[in-house]
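Written below as structure tokens is the structure these notes are about.
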Amino acid sequence: QDYTATIFLRQRWTDERLVFEGNKSLSLDGRLVELLWVPDTFIVDSKKSFLHDITVENRLIRIFPNGTVLYALRITTTVACNMDLTKYPMDKQTCTLQLESWGYNVNDVMFYWARGNESVSGLDTLRLAQYTVEDHYTSVSEAVYETGNYPRLVFHFELKRSILYFILETYVPSSLLVVLSWVSFWISQSSVPARICIGVTTVLTMTTLMMGARTSLPNANCFIKAIDVYLGICFSFIFGALIEYAVAHFCTLHHPNCNSALMYGHHMHDCEEEMNGIVTTIASNSSRVKRRKDSLASAPPSTAAGEPGLVPSSPTTSEAKTPEVPPELFSRCAKNISVLRKILKSINCCHVENPHYIDNYSRLTFPLSFVFINLLYWTYYLYF
């Protein structure tokens, strides 16, 4: 959130009291600055500054015959710059260097750039480790305080961060770790130590990489940066590959071979046939009871009273002893059986017939998903 710069600050003004005859300028020792009037310029938002004094104080005083004074200093200063790191490390920052009068307001002194944007030089040949200077310009404004309005000069410069370092340091290693986690999809599910070792190693390495990427950033930034998003995506894919093996191994323990899936299907078919038999039995019993009631209702009274010659035989007697099933009970039982059948069908849909298919699907879905998310990530942060 700051930058450090070494500045050759040159100020020029006219003092009529210093007019002298001649056509040559006069250079004075820097120690004579205490005997002259100089503007009280200071650097706004400066955290730390110092004037170079090796081997002597780096000051220059030059007086021209018309009373113009040139005052030059060599200063190294650390200036605060409020940076927006949302797109870090694909971010662009605009920083400023503000020069302002400390005690003289606009009624006493006026500040202006001698040659406009050309007043600042040296940025064309400047080479920085992480940044490139894309643009710079100057402006003039006034600082408003309770004691009055003070002149201010502002120098704006735009910095673009070089992403090549971060691609080699962070993006490429994290992507290779994701690819390394996919190697476990081609290892047999019976090789538990090999697959667990790959999963745990990649997770721990990715965690170390995420912690190292944040060491160069201030802790005060609570917003999510672009590099955090990418590292989070990579960590999710690596963790997902580890969870995938846990699911596949769990299914393998319950269904060690493909024949178990077939046996499971036959078992479900037998259960369904058994339920159909129960429904058929209940329906036949209810129809039989109904027919019995109809026959009793249509019989003559003497027969119903129990004449000796019309006593029903033993099969009819056993038929009369069959318990009656109320229609409400039959409908409730039918509903329960239909609900049970739906539950069994839903369980059958969630059943994995062959656990080895999980690895086959993962070999295709994981790479395609990672490539698709990368396209969205780079398109958003580079062009939006």
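Placement of Cβ uses the backbone N, Cα and C atoms for every residue, glycine included.
Per TrEMBL, domain 'Neurotransmitter-gated ion-channel ligand-binding' is recorded for 1-162.
The feature domain 'Neurotransmitter-gated ion-channel transmembrane' is assigned by TrEMBL to 170-378.
Taken from TrEMBL, the feature region 'Disordered' applies to 296-324.
What TrEMBL records for 163-187 (among others) is transmembrane segment.
Same-chain residues lying 6+ beyond the ends of the transmembrane segment (193-217) with a Cβ under 8 Å from its Cβ atoms: 85, 88, 170, 173-174, 177-178, 180-181, 183-184, 187, 225, 227-228, 231, 234-235, 238-239, 241-242, 245. Positions annotated as transmembrane segment by TrEMBL: 193-217 (among others).
Tertiary proximity for the transmembrane segment (229-248) is limited to same-chain residues at least six positions away from its ends with a CB under 8 Å from its CB atoms, namely 170-171, 174-175, 177-178, 181-182, 184-185, 189, 195-196, 199-200, 202-203, 206-207, 209-210, 213, 355-356, 358-359, 362, 366, 369-370, 373, 377. Taken from TrEMBL, the feature transmembrane segment applies to 229-248 (among others).
Residues annotated as transmembrane segment in TrEMBL: 364-383 (among others).
Averaged across the domain 'Neurotransmitter-gated ion-channel ligand-binding' (1-162), pLDDT in this predicted model comes to 92. Within the chain, the transmembrane segment (163-187) has long-range Cβ neighbours (under 8 A, six or more residues past its boundaries) at 89-90, 130, 194-195, 198-199, 202, 205-206, 209, 213, 227, 230-231, 234, 237-238, 241-242, 244-245, 359, 362-363, 366-367, 370.
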